[in-house]
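Quick notes on the structure that follows.
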């Protein structure tokens, strides 16, 4: 499954990107609420769903320290996520948030771990993956690769997962993990429509073509 990351600054931008993502072959849509210039986030989610008739919409409000744009109060962020969950099929919750059980979304959850510095050892990654899976409906483990050994390690974590798992490595040298992870059983991968939201991210069209070629 290809999840297109939508990074529009306005609701109109989000809708335009959503339509483009569907045309490029996306299977699901991630609405990056932290990119919106206003807080009318429920309306943005509804607009994306209505314009595409998509059944799979992911709501993400990523805080700055995890690569997002949200700089506001954390309690406010969690309040927003809980509220907008009624308009989404999945809400992305960071592992530390899920562990504290502060909020109870009314949809399924992707419990995520992001490491922008490195890729931890295999056993540590497996522990993180399993904890994410225990707390959510889908586990997501994303790390920064400093070489191919790191990339292969994250792929092994995906390959051996028993629960639905998203996993890949960031960085130019490891961009292939975004495609290979799906081919070896990963639940999904993320792709850009225009503006890339993470290091090494491919576009929806690039991802789809590679999956068709290699699959």
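Heads up, the Cβ atoms here are built off N, Cα and C, so glycines get one too.
What Swiss-Prot records for 114 is active site, proton donor/acceptor, and it gives sequence analysis as the kind of evidence. As annotated by Swiss-Prot, active site, schiff-base intermediate with substrate applies to 140, with the evidence given as sequence analysis. Taken from Swiss-Prot, the feature 3-dehydroquinate binding site covers 30, 31, 32, 62, 178, 201.
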Between residue 30 (3-dehydroquinate binding site) and residue 140 (active site, schiff-base intermediate with substrate), the C-alpha gap once rounded to whole angstrom: 14
Set of same-chain residues at least 6 away whose C-beta sits under 8 angstroms from residue 201 (3-dehydroquinate binding site): 5, 170, 175, 178, 190, 191, 192
Residues that sit under 8 angstroms from residue 114 (active site, proton donor/acceptor) by C-beta distance, when 6+ apart in the chain: 66, 67, 94, 142, 143
Fewest other Cβ within 10 angstroms of its own Cβ, chosen from the recorded positions 32, 140, 178: 32
Entry from the binding-site residues list 30, 31, 62 having the most other CB atoms no farther than 10 A: 31
Maximal Cα-Cα distance (Å) across residues annotated as binding 3-dehydroquinate, namely 30, 31, 32, 62, 178, 201: 20
Per DSSP, three-state class assigned to residue 62 (3-dehydroquinate binding site): coil
Residue 31 (3-dehydroquinate binding site) to residue 140 (active site, schiff-base intermediate with substrate) - Cα separation in whole Å: 16
Cα-to-Cα gap, residue 32 (3-dehydroquinate binding site) vs residue 140 (active site, schiff-base intermediate with substrate), nearest whole Å: 16
DSSP three-state assignment for residue 201 (3-dehydroquinate binding site): coil
